[in-house]
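Below: one structure, written as structure tokens.
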Amino acid sequence: MTKILVVDDEPDLVRFVRRALEADGYQVLTATEGAQGLLLALTEEPDMTVLDLRMPGVDGQAVLAGVLATRPGARVLVLSAAADIEARIDCLERGAVDFLAKPFAIRELLARVRSRLQNPGDSTGGFVLQVGRIALDIRARRLRVDGRETTLSEREFLLMQHFMRNPDAVCSRSELLSAVWGYDFDPATNVVDVYVGRLRAKLRRDVIQTVRNVGYQLQSA
């Protein structure tokens, strides 16, 4: 049975997430302190760790660093405040496979857990994502297409990473606004469309398709 560790200092949230994950068929371990969570992550070797970023004492960043130093390629999904964009970028660069802004819908958490556990893009240790002939180096923030490399801005990087962690999935504009810009509301802006246009220009391949009235889809083939 797939084993998931949940580390968060909010006991009510931990119980809620645990029940949802167990109902989805996972074995669940929990910790409400960073030190305890790090110990469980290293001794129990869960298939994924769901980790809160802000905790008293040993915080989520320290736990993430400790886990990945000992278990390179371990899947860690970080939970963080929506406005904490710099900290989330730092976690992704360190090797976290995903982040989810609080507050979140439990269905979205479950969907992200399933996706990250199944995503073959994580097989390189979490630092290079590969979709077809496109590769994204998470640490260097460099995009490689057909052997040609290009650099990405901060938002371009986050947007491309979201697409590549969800190949062939239709990503709505509201989903992208939350994942890349930290918005939990529609700001009535075309910023998503502008940045998708920039990525298309850098990719030079027609792989990001518009899904009418919904959003965008990165095609894997």
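Just so you know, glycine gets a Cβ as well, placed from its N, Cα and C.
TrEMBL does not curate its annotations; it predicts them automatically.
What TrEMBL lists as DNA-binding region is 126-220. Residues in the DNA-binding region (126-220) partition by DSSP class (helix H, G, I; strand E, B; coil) as 34 helix, 27 strand, 34 coil.
Sequence annotations record features per position, and here TrEMBL assigns domain 'Response regulatory' to 3-117.
Residues annotated as domain 'OmpR/PhoB-type' in TrEMBL: 126-220.
What TrEMBL records for D52 is 4-aspartylphosphate. For D52 (4-aspartylphosphate), the same-chain residues lying six or more positions away in sequence with a CB closer than 8 A to its CB are V7, D8, D9, E10, G60, V78, L79, S80.
Taken together, the residues of the domain 'Response regulatory' (3-117) have an average pLDDT of 89.
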